[in-house]
Amino acid sequence: MLYLPDTMSAWPWQRAINPYFNEVKAASNSWFKSFRAFSPASQKAFDKCDFCLLAALAYPRARKEHLRTGCDLMNLFFVIDEYTDVEDANVCRDMVDIVIDALRRPHDPRPEGEVVLGEIARQFWARAIETASPTSQRRFLETFIAYLESVVLQAADRDCDAEHTVQTYLAQRRDNIGSYPSYAVLELALDIPDDIFYHPAMNELSLYATEMLIIDNDLVSYNREQASGDTNNILFVIMRQFNCSLDHAMAWAAAYHSQLEARFMDAFKRMPSWGLEIDSQVEEYCQGIANWPRGNDCWSFESGRYFGDKGREVQKTRCVPLLPKKERDTSLRQQDVVITSL
């Protein structure tokens with residue numbers, strides 16, 4: 001039996017959901033299904049993950065058109081992860097280059113026979129830029145390309161069975177988890193100048209929230225990953241580095257999460273003032289970052305992504321029966337991606 005520590009019990013930001021959720025979810029999912037990126041069985045498992053719910057919980061105050069960008073982005077993240085998780089670094093490099101090219105030329109048709117990721121990314125970005133401020137567009141591209149590059153690095157790590165320390169693991173996961181382009185969605189209607197946006201206190205908020213997301217994601221995904229033999233998880237890293245049990249690794253991760261919460265609150269309180277107009281935008285953005293860990297935590301238990309239809313029960317009891325181990329199928333490639341469901 002696996003016991004999940006309640007890392008978010010003291011977090012002051014409470015659950016909120018966007019009122020446009022159902023309407024926008026229907027539109028975004030219909031758009032995504034039109035690409036037929038997965039087999040019918042895998043598409044059904046994908047639907048249980050409810051990535052639009054994640055967006056609605058992460059962006060509870062977003063305008064309808066910006067929630068659509070958030071929903072489409074969550075779907076895009078997922079399909080990129082699924083397609084690249086089964087390929088080596090060279091193939092991932094090719095896929096990433098296609099996606100980057102599509103984002104840079106959103107109004108140009110994609111070549112025939114190209115992997116579907118290119119057209120999904122192109123359509124996503126062509127729609128997003130219609131309602132996004134110029135500064136948010138620039139920052140999104142910068143951070144999303146960094147995420148894509150980290151996908152290639154992760155594939156290279158897989159290829160050589162690289163082992164990380166906690167420090168190096170967190171360093172590579174900060175880009176790989178996709179939080180920074182997700183934060184860019186928070187500023188689609190904003191125009192925060194660079195000298196303020198990159199102020200140390202702002203950078204700290206993003207960093208601490210991101211590492212909280214890494215820990216929370218790895219705690220809830222550990223069961224599936226230990227069963228499939230996927231060791232790209234901070235709990236495996238902690239156990240190996242400190243030669244400790246799973247229970248001790250859980251406790252270490254929870255304690256570090258508490259430290260991150262305290263650091264976040266300290267940085268939040270130290271935020272300078274730049275005048276009424278800028279302060280209101282900074283406040284909106286920082287509140288959005290603070291909400292992300294809460295939204296992610298709620299989605300982890302409200303969707304079927306990690307616990308099937310038992311999420312609400314697990315959220316209350318914190319107890320998860322360990323799944324039996326199964327051999328990882330290393331022969332899978334993008335054309336036969338399999339999304340498992342619980």
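Glycine is no exception: its Cβ is also placed from the backbone N, Cα and C atoms.
Predicted, not measured: the structure shown is a model, and the values here were computed from it.
Sequence annotations record features per position, and here Swiss-Prot assigns Mg(2+) 1 binding site to Asp81. With a cut-off of 8 Å between CB atoms and residues at least 6 apart in sequence, the same chain places Val151 near Asp81 (Mg(2+) 1 binding site), listed in sequence order.
The Mg(2+) 2 binding site annotation in Swiss-Prot covers Asp81, and the record cites similarity to another entry as its basis. DSSP assigns Asp81 (Mg(2+) 1 binding site) to a helical segment in the three-state reduction.
Around Ser221 (Mg(2+) 3 binding site), taking its Cβ as the centre, 17 other Cβ atoms fall within 10 Å, counting all chains. Per Swiss-Prot, Mg(2+) 3 binding site is recorded for Asn217, Ser221, Glu225.
Summarising the annotation, Swiss-Prot assigns (2E,6E)-farnesyl diphosphate binding site to Arg305, Tyr306. Other Cβ atoms within 10 Å of the Cβ of Arg305 ((2E,6E)-farnesyl diphosphate binding site), summed over all protein chains shown, number 24.
Distant neighbours of the motif 'DDXXD motif' (93-97): 80, 83-84, 87, 115, 117, 148-149, 151-152, 334; these residues of the same chain sit at least 6 beyond its ends, with a Cβ under 8 Å from one of its Cβ atoms. Under the heading motif 'DDXXD motif', Swiss-Prot lists 93-97, citing a curator's inference as support.
Per Swiss-Prot, the feature motif 'NSE/DTE motif' maps to 217-225. Using a Cβ-Cβ cut-off under 8 Å and counting only residues 6 or more beyond its ends in the same chain, the motif 'NSE/DTE motif' (217-225) has close neighbours at 2, 4-5, 7, 177, 231-236, 250, 253, 296, 300-301, 306-307, 320, 322-323, 340, 342.
Long-range Cβ neighbours of Phe78 (site 'Plays a critical role in the stabilization of intermediate cation') (same chain, at least 6 residues apart, Cβ-Cβ under 8 Å): Phe46, Cys49, Phe51. Marked as site 'Plays a critical role in the stabilization of intermediate cation' by Swiss-Prot on the basis of similarity to another entry: Phe78.
Cα separation, Glu225 (Mg(2+) 3 binding site) to Tyr306 ((2E,6E)-farnesyl diphosphate binding site), rounded: 10 Å.
Its Cβ placed at the centre, Asn217 (Mg(2+) 3 binding site) has 19 other Cβ atoms within 10 Å. If you take the Cα of Asn217 (Mg(2+) 3 binding site) and the Cα of Arg305 ((2E,6E)-farnesyl diphosphate binding site), they are about 11 angstrom apart, rounded to a whole number. Mean pLDDT across the motif 'DDXXD motif' (93-97) comes to 98 in this model.
Of the binding-site residues Glu225, Tyr306, Tyr306 has the largest number of other Cβ atoms within 10 Å of its own Cβ.
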